[in-house]
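Colleague: Input: one structure, supplied below.
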Amino acid sequence: MESEQLFHRGYYRNSYNSITSASSDEELLDGAGAIMDFQTSEDDNLLDGDTAVGTHYTMTNGGSINSSTHLLDLLDEPIPGVGTYDDFHTIDWVREKCKDRERHRRINSKKKESAWEMTKSLYDAWSGWLVVTLTGLASGALAGLIDIAADWMTDLKEGICLSALWYNHEQCCWGSNETTFEERDKCPQWKTWAELIIGQAEGPGSYIMNYIMYIFWALSFAFLAVSLVKVFAPYACGSGIPEIKTILSGFIIRGYLGKWTLMIKTITLVLAVASGLSLGKEGPLVHVACCCGNIFSYLFPKYSTNEAKKREVLSAASAAGVSVAFGAPIGGVLFSLEEVSYYFPLKTLWRSFFAALVAAFVLRSINPFGNSRLVLFYVEYHTPWYLFELFPFILLGVFGGLWGAFFIRANIAWCRRRKSTKFGKYPVLEVIIVAAITAVVAFPNPYTRLNTSELIKELFTDCGPLESSSLCDYRNDMNASKIVDDIPDRPAGVGVYSAIWQLCLALIFKIIMTVFTFGIKVPSGLFIPSMAIGAIAGRIVGIAVEQLAYYHHDWFIFKEWCEVGADCITPGLYAMVGAAACLGGVTRMTVSLVVIVFELTGGLEYIVPLMAAVMTSKWVGDAFGREGIYEAHIRLNGYPFLDAKEEFTHTTLAADVMRPRRSDPPLAVLTQDNMTVDDIENMINETSYNGFPVIMSKESQRLVGFALRRDLTIAIESARKKQEGIVGSSRVCFAQHTPSLPAESPRPLKLRSILDMSPFTVTDHTPMEIVVDIFRKLGLRQCLVTHNGIVLGIITKKNILEHLEQLKQHVEPLAPPWHYNKKRYPPSYGPDGKPRPRFNNVQLSSVDEEREETEEEVRLLNSTIL
C-alpha cells in the first residue's frame with residue numbers, strides 16, 4: 001500500500017484527530033436501507049485529512065518522522081473518547097497503520113526486559129494465526145451445521161422419516177432393503193404428508209395434499225425467517241457481501257458483524273433456503289464467517305483496538321466463507337483478493353490461505369453431504385472437449401453477460417422502487433408474497449421443486465448407465481450390453497424432450513423470481529440462483545449440440561473428431577460452463593470464479609472453456625455497464641465506497657469539487673492563539689461543521705493544522721473539570737509556545753495536543769484524477785484544498801462520490817490544454833493595487849472580474865475549436 005511508502009518518506013500525520021471525524025457516513029443511519037443523498041452537506045464540512053501541498057499536485061511533508069511517530073506521547077493524559085470511531089464513520093487507514101507500528105515498536109523494546117514481556121511478545125506475534133484458526137474452525141462448523149439443517153428442512157416440506165425424525169429423505173432410505181434401482185428415492189421408512197394425513201400415496205388427492213403441505217411449510221419457514229430478522233437482527237438480511245466490501249474499505253457499521261447478527265443469520269439462512277425461495281446460502285456464508293472473525297478478533301488486543309488490523313482478519317474470514325460455501329479454498333483466497341478486500345498485504349494472503357484451509361478441513365470432517373466431498377455437486381467427466389465446442393461455450397458466455405446486465409438493472413430498479421414506495425414498509429408481507437408465488441409455481445415442475453443445489457447437481461451430472469433422471473432418457477442401442485463409463489451419443493428419448501420443456505419453463509421462472517427475491521429481508525445469496533440459471537441454459541444447449549452431432553455427424557465440423565458411436569458431447573460440461581458464465585455476468589468476477597468452479601466440480605481439464613465463457617460474459621456485461629451487482633447495491637444504499645476498478649477519465653480539478661462553493665456558507669476557521677473558549681464554543685454551537693482549519697492569524701492566512709469538532713468539545717469539557725482557572729474568557733492556544741498575556745488574564749488552555757499538524761492537502765489546480773487515486777490508495781476520508789498555503793476548502797469521500805455520479809449523468813467535454821494552467825484564484829491584490837475582498841478570511845475575486853475571466857475562457861475555447 002502506498003501509505004507505507006509515504007510513511008518511510010515522511011508523509012505522515014501526527015495526531016489522533018482524524019480518528020473521530022465524521023464523514024458522509026452520518027447520513028447513512030439507516031445502514032442497509034439509505035439511498036445516497038447528495039444534497040446534504042454534513043460531510044462537506046468535515047475538515048479532516050492527510051495533507052499534501054505544492055505546485056499543482058506535488059505532496060510535501062507536514063512533519064518529520066522523529067517528531068510524529070509517537071502518537072500516544074502527544075497527550076500528557078489521554079482523554080476518554082479520543083482514539084475510537086463512532087458508528088457510520090470511516091476509519092483513518094494511515095493513522096491506524098502508524099498506531100500499529102508504534103505498538104509493535106513498544107513491544108519489541110520491552111521484550112528483553114523480562115520473561116513475561118517475552119511471552120507477551122510471542123503472544124502478540126502469534127495472535128494473528130490464532131484468530132484466523134478460530135475463525136476457520138467456527139466457519140467450517142457453522143457451514144456444516146447449516147448444510148445439514150437446510151437439507152433436512154427442505155425435505156420436511158415433502159414428508160418425514162418415521163424411523164429417525166432427524167434424517168432427510170436420502171439418509172432415511174440408505175439402510176432400507178426395499179429400495180429399488182428405478183425408485184431409489186422411495187422406501188417404507190419415508191412417508192409423504194399425504195400418506196400420513198389421508199393415507200394415500202398416489203392419486204389426485206395425494207397430489208393436492210402434498211401441494212398444500214408444500215406451500216404451508218414454505219410460507220411457515222419464510223415467515224419465521226423474516227420475523228426473526230425484523231425483531232432481533234435487521235442486519236441479518238440480504239447477502240452481506242456489499243456491506244462486507246464497504247466495511248473492508250474502512251466503513252464502520254456497528255452490529256453488522258456482531259453476535260446477534262451471527263446467531264440470527266445462521267438460523268434464518270437455514271429457514272430461507274428451506275422455504276424454497278430463489279436464493280442461495282453461499283453469499284451469506286461469507287457474512288457468517290466475517291461475523292466469526294470479528295467476534296474472535298476482540299479476544300486479541302492487537303486487533304480489537306485497531307480497526308485496520310481487524311480488517312485483515314475480516315479479509316481472511318471472507319476467504320474462509322467462500323472456502324466452505326463452495327469447497328474451494330484457493331478460490332476463496334482469490335475471491336477475497338479480487339472481490340471484497342480493500343487492503344490485502346502479503347501477510348493477509350498467507351493467513352487467508354490458512355483460514356480457508358482450516359475451514360475446508362473442518363467441513364470435510366463433518367461431511368454434511370455424505371459423499372466424502374466438500375460440495376454437493378462434485379462431478380467428473382471422462383470426455384475431453386474439442387476446439388469446435390468453443391463456439392457454443394462463447395455463446396453461453398454471451399448469454400451470461402446479457403443475463404447479468406438484465407438482472408442488475410431489473411433488480412436495482414425493483415429495489416429502488418421498494419425503497420421509494422410504501423411497499424418497502426412491509427417487509428414481512430413482501431417475503432410472504434414472494435414465498436407464496438414461488439411455492440405455488442415451483443411445485444408442479446419437478447426441476448423447480450428441487451432444492452437449487454440438487455438441481456445444479458443433476459444438471460452437472462453426466463449421463464451414465466446408473467442414471468435414472470429424465471435428462472438421461474435416451475434410446476439405447478440394444479446391442480450394447482456392456483456397461484462402460486463412456487456411453488456413446490444416442491438419440492434423445494421422450495423423457496429428454498419432456499425434460500427440455502420443463503427446463504425452459506424453469507429457466508423463465510428462475511429468471512423472474514431471482515430478480516424479485518434478491519434484496520428481500522431474509523438472508524439471500526445470489527451465487528446458487530445465478531449458477532442454476534446458467535446450468536439450465538447450458539444443459540439445454542449441450543443436449544442440442546449433442547443431438548446435432550448425432551444426426552449430422554457427417555458435417556465438416558463433426559467429421560474429423562466425432563465418429564458414429566463415439567461419446568463426443570458432454571451436456572453436463574455445458575451446464576458447468578453456463579453456470580460460470582451467468583455467475584460471472586452478475587458479479588463480474590473472473591480469475592476467482594474460474595478457480596472456484598473447477599475446484600467446485602473437479603473439472604481441471606476444462607479451464608480453457610471456463611475462461612472463455614467467463615471472459616465473454618464479462619465483456620458483454622461491461623458493454624452495458626461496468627458495475628457488478630454488489631457495486632450496484634453499494635451505490636444504491638449510499639455507502640461511501642470508492643471502487644478501485646472504476647477509471648476516472650474526466651478533466652476536472654480539485655477546485656471544481658471542493659466545498660464550500662460560492663453559494664455555500666463561508667469556511668469557518670480558528671486562529672492558533674487569538675480565540676477564547678467562548679469563541680470556540682459559540683462557533684461549535686452556531687455551525688454544523690465537524691472540523692475547523694487552524695490558521696496563523698487573520699492577517700496571515702497560512703494553514704497551521706486542523707482540529708475536529710468532537711476533539712474540541714471533549715478537550716474543553718475535560719479541561720473545565722480537571723484544570724483550575726479555565727473559564728469562558730481563557731485564551732485557547734494551538735501554538736507550541738503560549739503568547740505573553742496580561743497578568744490579570746485567566747489561565748490559557750493549550751490544545752496543541754489535539755491539533756493535526758500535517759493534514760493532507762492538495763492545491764486547487766490538482767487534477768481530480770490524482771485526487772481520486774490518492775483517496776483510493778491511501779484510504780483517505782478527506783483532504784484540504786489550499787492555494788499558496790491558504791485554505792480554500794475541503795474534498796471528502798462523499799464529494800468525490802457525488803462528483804462521479806454527476807459525471808455519469810453529464811458527460812464532460814474534453815478541456816483545452818490551457819484549462820489546466822489557468823488561474824482559478826486571484827492574487828492578493830487587484831489590478832487597482834488595493835487588497836481584494838475577503839469572505840471569512842478567504843480572498844475571492846469580484847463578480848466583474850469573474851465575468852471578465854469567463855468571457856476570456858469562452859474566447860480562448862472558441863479559438864481552440866476553430
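Using the three backbone atoms N, Cα and C, a Cβ is placed for every residue, glycine included.
Unlike curated records, TrEMBL annotations are generated automatically.
Quick paste of what TrEMBL says about this protein:
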DOMAIN    658-722  domain 'CBS'
DOMAIN    755-814  domain 'CBS'
REGION    818-855  region 'Disordered'
TRANSMEM  126-150  transmembrane segment
TRANSMEM  214-236  transmembrane segment
TRANSMEM  256-277  transmembrane segment
TRANSMEM  284-301  transmembrane segment
TRANSMEM  313-337  transmembrane segment
TRANSMEM  386-408  transmembrane segment
TRANSMEM  428-447  transmembrane segment
TRANSMEM  499-520  transmembrane segment
TRANSMEM  532-553  transmembrane segment
TRANSMEM  573-598  transmembrane segment
Colleague: Would the transmembrane segment (532-553) count as touching the transmembrane segment (284-301), if touching means at least three Cβ pairs under 8 Å and pairs must be 6 or more apart in sequence?
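Modeller: Contact between the transmembrane segment (532-553) and the transmembrane segment (284-301): absent.
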Colleague: Near the transmembrane segment (428-447), which residues from the same chain, at least 6 beyond its ends, have a CB less than 8 A from one of its CBs?
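Modeller: Result: 211, 214-215, 218-219, 221-223, 225-227, 230, 275-278, 418, 455, 458, 499, 502-503, 505-506, 509, 513, 516-517, 520-522, 536.
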Colleague: With pairs restricted to those 6 or more apart in sequence, evaluate whether the transmembrane segment (256-277) and the transmembrane segment (126-150) have 3+ C-beta pairs under 8 Å.
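Modeller: These two stretches do touch.
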Colleague: Determine which recorded stretch among 214-236, 284-301, 386-408, 573-598 has the most C-beta pairs below 8 angstroms with the transmembrane segment (126-150).
Modeller: 284-301
Colleague: Could you give the residue numbers and ranges of same-chain residues that sit at least 6 residues beyond the transmembrane segment (214-236) on either side and whose C-beta is under 8 angstroms from one of its C-beta atoms?
Modeller: 31-32, 153, 156-158, 243, 253, 255-256, 258, 260-261, 263-265, 267-268, 271-272, 274-277, 427-428, 431-432, 434-436, 438-440, 443, 449, 520-523
Colleague: What counts of helix, strand and coil residues does DSSP assign across the domain 'CBS' (658-722)?
Modeller: 24 helix, 17 strand, 24 coil
Colleague: Average pLDDT across the domain 'CBS' (755-814)?
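Modeller: Here the predicted model's pLDDT, averaged over the domain 'CBS' (755-814), is 82.
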Colleague: On the DSSP side of things, how many residues of the domain 'CBS' (755-814) fall into helix, strand and coil, could you say?
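Modeller: Across the domain 'CBS' (755-814), the residues distribute as 24 helix, 18 strand, 18 coil.
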